[in-house]
Structure formats: C-alpha cells, structure tokens
Amino acid sequence: MRGSLWHLGQSITRRVAQADKKAAARRFFASEADLKKTVLYNFHIAHGGKMVPFAGWSMPIQYKDSIMDSTVNCRQNGSLFDVSHMCGLSLKGKDCVPFLEKLVIADVAGLAPGTGTLTVFTNEKGGAIDDSVITKVKDDHIYLVVNAGCRDKDLAHIEEHMKAFKSKGGDVSWHIHDERSLLALQGPLAAPVLQHLTKEDLSKLYFGEFRIMYINGALCFLTRTGYTGEDGFEISVPSENAVDLAKAILEKSEGKVRLTGLGARDSLRLEAGLCLYGNDMEQHITPVEAGLTWAIGKRRRAEGGFLGAEVILKQLEEGPSIRRVGFTSNGPPPRSHSEIQDEKGNNIGEITSGGFSPCLKKNIAMGYVKSGLHKAGTKAKILVRGKAYDGVVTKMPFVHTKYYKPS
C-alpha cells in the first residue's frame, strides 16, 4: 500500500465526516465484504476502531484517540497493535538453513538458536522482494514473518525455490501459521505489563531473541522486537486465545497501554527510521541502496550465494548510485513521491515516506538521493504541491531507539 498511513487516516476521517453518511456506508460495506478479518475484528469495532482496507484486510487505522495522541502514548506508556494480517511461517528440516540462505542476505547459519535478525529476500537483480524478521528457533527450525501485502508473492517465491531444492534431495518443509494471530506490544510498559502474564523472566530476554512460552495460559512464540523503535514484543498466539490475551494486556496496564492502529504505527516507524515495504523498499531497490548493508552477514559478503549477490557485492565494493536518507523540512509535510532538488533546482531524488512527527513536532521524511548528496547536513529543496521548501539531510533514527539490550 503506497503513501503514508498517517495521511490516509486523516483523509479517511475527513471524508467520512463530510460525505453523505448513507452513501459512505454503502461504499464501506461493499468493500468490507471482500476483505479478510482478523480474529480481533469485533474487538476493534467494540473499542471504536476505524476500519480501513489494508493489503486485503480490514484493519484499524485509529481508535477514539487521535493518531497524534496514540503515537505519543506509545513512547510514553505503550501500544498494543493487532498485526495478524502479517504472515508467520516455519521452515523445518535439516537443510532449512542452507535453503533459506539462497533467498536472503542474512548469515542464518551464524545465528545462535533463539536469536533472530532483520533480513531481505532478494531477486536475481539484487532488488528487495520483501523484508522479514527471521528467527533460528533451532538448527532445523526457522520462524519468520513476512509483510501482509507481500504474502502471495513471497509464498510463491519460497515455494518455487523449495520445490527445486527438494528435487535435488534437500530436506526442507514449511508450515504457514494461519492458525495463529500476531500481537505487537510496544513501549516502556510493554515488559512490566507482559511480565504479569507469564512465569518466565522477561528481563533475561533481549532485543532480537525468541522463546516459546506460556503467556496468559496460551503457548506463544515471543520475539523481543517491534516496529516502533521502542522496547517491546511480537507475540504469536493461537487465534482462539488472541482476544483474551489482548484484553488481559489492556487490563494489566490499567488503561495506560492503548489499542493503537496503523496510522500511529506508520508515524512511529517513520520516527524510528524504519522502512515500509512498498514505499521505502521496492523490487528495484537493493539492500545497499536502502541503507541495510548492516543486515548482510560478513560471511555472506565473502561467499555470496544468495539471489542477486553479484549486484549487491559489487555495490558494497564500489558504492551504490543512490542512497536512502532522512530529511527534516519546513512548510507542509513532504509526501511519498515529492521531488527532491539540490539548491540550484536540479532533481536529485524522491521522497518515499513523510509526515509530521507527533513526538518531535516537526516534519520528517525519508527518500532516495544521488550518492554524494547523502551526507547529514546537505541542504535540499523538497517540492510539495509544486512549491519548493527547505529541507536538510538528517541522520536516522529521528527518535532515539530504546531496544532492550545487555548493558
């Protein structure tokens, strides 16, 4: 889905308020009927969730509070997101690691059991098919989560390569976790609230680590990660236990952790300098251009062996022609596809995500510029509705990240 969800939320709120309500209802339910619903759909409605179509699902863009307020609350207290539209899957078998290493840039073999990393699925040209968080549960079990909007192409891509791999005697199989739901609990209260619901000591679980444990009586996959720059967890829970878990989390937080929609999720991840696939990463953008060089394992840089390795390793050696950078700017907030110019008015790139930061109270954006013009402090002009406004290349993340790591 292109464009900032924050802006989508604002425009939907305005449109529905201004439109003839009967006509709005007809349009809404016509599209609603075709959309998939998570098991928390009725729970969202009951809590005032404003539902919108997203990647084929009906998802809450916001609740009764504003996107601005819920963004700030996540950083001050906490947020609970329903991210069950995303696709979790397990790869199993003694060859699941070498199989996956043909498709991603990560050093999967080098991961200790119970740890994970962000990685990128690449194509033959080195472009990003999708980004994913992958976890080595054990040497013969990998758990990964892929984006909802990329589910069909990702699964087709994995299946095609799996068939070829197995035909040569490789031992790998998969299971798509459609029987599970996914909740993301983020913010400073995430750990203390979740600790009430499990006997396991969460202080021993660090950023990027994974455990299988009982939470609120249900056997869950717990990963200490998230998409906000805050400390937090993604919890894969059996779908029949998802609503009870959501209720328990909200109850234990005494109202401080709030249900939060896709609008605030978008502003939070932008403040944290994180890519949104379909905006900031595409099939023609390599991980090097996207600023994800750190995700390419050292051994993988030496050995290659993944799709598009020749292109990517050459870029590592010679430098890419374009780079993803952050911006702050004056005037109206930049939008996806806003043109970036140098101070003489020459085109040097394009904004991919942008908006007003609820926490910093200023415009932030990210986009791609020509190499050499990517250094922090470089001045630029950003075109919004045909008018040029001052911008400056800024280091990301815009907001200090608070991942829980060993001190």
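Glycine too: its Cβ is placed from the backbone N, Cα and C atoms.
Copied from TrEMBL, the annotated features are:
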| type | residues | note |
| --- | --- | --- |
| DOMAIN | 40-298 | domain 'GCVT N-terminal' |
| BINDING | Glu234 | substrate binding site |
| DOMAIN | 323-399 | domain 'Aminomethyltransferase C-terminal' |
| REGION | 324-347 | region 'Disordered' |
| COMPBIAS | 336-345 | compositional bias 'Basic and acidic residues' |
Can you work out which residues elsewhere in the same chain, 6+ from the ends of the compositional bias 'Basic and acidic residues' (336-345), have a Cβ less than 8 Å from its Cβ atoms?
2-4, 279, 327, 351-354, 365, 367, 369, 373, 379-384, 388, 391
Looking only at the region 'Disordered' (324-347), what are its DSSP counts of helix, strand and coil residues?
0 helix, 10 strand, 14 coil
Counts of helix, strand and coil residues, the domain 'Aminomethyltransferase C-terminal' (323-399), according to DSSP:
0 helix, 44 strand, 33 coil
Summarise the model confidence on the domain 'Aminomethyltransferase C-terminal' (323-399) as a single mean pLDDT, whole number.
98
